[in-house]
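Student: I'd like to ask you about the structure that follows.
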Number of protein chains: 2
Amino acid sequence: MTRILATGTFDILHPGHLYYLEQARKYGNELYVLVARDSTIEHKPKPIVPEKQRLEMVKALRVVDHALLGSEEDMFKPLKEVQPDIIVLGHDQVFDEKELEDKLQKRGFNTKVVRLGKPHQCTLCSSGRIIKRILERKRTEL
Amino acid sequence: MTRILATGTFDILHPGHLYYLEQARKYGNELYVLVARDSTIEHKPKPIVPEKQRLEMVKALRVVDHALLGSEEDMFKPLKEVQPDIIVLGHDQVFDEKELEDKLQKRGFNTKVVRLGKPHQCTLCSSGRIIKRILERKRTEL
């Protein structure tokens, strides 16, 4: 049994999320997803959808075996519970694989970190692009 | 085997959709979902997300066994393929149960139509409310 962990905000679900989770799941046979807390998202605009709802939607996806919210204090805390064999990063996630793997090792985790390549192109495969389309439509309606 | 059909636009997925589909599935043991075509949505604003992407996201939900796009010409056409035992309508869907059941009978379908009660309240359980929140946030940022 190889346990995979994927992470993200999953603000407005789109096929880019599905692609990431489906590719991640291929590295093992049990997929855990760590959903970022509202309070810890600082490198991009705050999500539109609150964390509990984002978690509920991720849990509803067939490809996901288990989903849980991250920790507000220590990003490594939920990993103690999950004990993943492999963490799969999306192509645009901010962590550096090697650095993360080293940090994990220092904390006693025997976890590999891999990064996915770029997904296939898709017009609305980003929460940001969906938001942009909503704002553009509003502008043309005014 | 009781085959259930649920229908809708499913523009930006939210827990209201999950509630509808989960409740619908309880009426039988195989859930088909008919996703409305962009061109046939006229009683409310056109969806933000194109039909193919809306279909892809509905298919990714664990509760859904099969999903397909509606017909652009005749709403009864896909029903020939699905042959549902029961059509479950959401609390706010525009059809009248009795009228729909009569129309189905006239076309040779032996399909019952039931309507769900109101779902539990949830702040962002509507694509419209998610869009509204996006627009409100944009306004406060300007």
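Keep in mind that glycine also has a Cβ here, set from the backbone N, Cα and C atoms.
As the structure is a computational prediction, the values presented were derived from the model and not from experiment.
For reference, Swiss-Prot lists these features for the protein:
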BINDING   B:T9, B:F10, B:H14, B:P15, B:G16, B:H17, B:D92  ATP binding site
Student: Around the recorded ATP site, report the further residues of that chain (criterion: Cβ within 8 Å of the mean position of the Cβ atoms of B:T9, B:F10, B:H14, B:P15, B:G16, B:H17, B:D92; site residues excluded), sequence-ordered.
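Tutor: Output for this site, in sequence order: B:G8, B:D11, B:L13, B:L18, B:Y19, B:Y20, B:G90, B:C125, B:S126, B:S127.
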Student: How would DSSP class B:T9 (ATP binding site) in three states?
Tutor: coil
Student: Identify, in sequence order, the binding-site residues in B:F10, B:P15, B:G16, B:H17, B:D92 that approach chain A with a C-beta to C-beta distance under 8 Å; the answer is 'none' if none do.
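Tutor: Checking chain A against the binding-site residues, the residues within range (Cβ-Cβ under 8 Å) are B:P15.
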Student: Rounding to the nearest whole angstrom, report the longest C-alpha distance spanning B:T9, B:F10, B:H14, B:P15, B:G16, B:H17, B:D92, listed for ATP.
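Tutor: Maximum Cα-Cα distance: 15 Å.
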Student: So if I measure Cβ to Cβ from B:G16 (ATP binding site) and keep only same-chain residues at least 6 apart in sequence, which ones fall under 8 Å?
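Tutor: Set apart from B:G16 (ATP binding site) by at least 6 residues yet with Cβ under 8 Å, we have B:P119, B:C122, B:C125, B:S126.
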Student: Using a 10 Å radius around each Cβ and all protein chains in view, which of these binding-site residues has the most neighbours: B:H14, B:H17?
Tutor: B:H17
Student: So how many other Cβ atoms are close to B:D92 (ATP binding site), meaning within 10 Å of its Cβ?
Tutor: 12
Student: What kind of secondary structure is B:H14 (ATP binding site) part of, going by DSSP in three states?
Tutor: coil
Student: Long-range same-chain neighbours of B:F10 (ATP binding site), Cβ under 8 Å, sequence gap at least 6?
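Tutor: B:F10 (ATP binding site) has long-range Cβ partners B:H17, B:V33, B:V35, B:R54, B:M57, B:V58.
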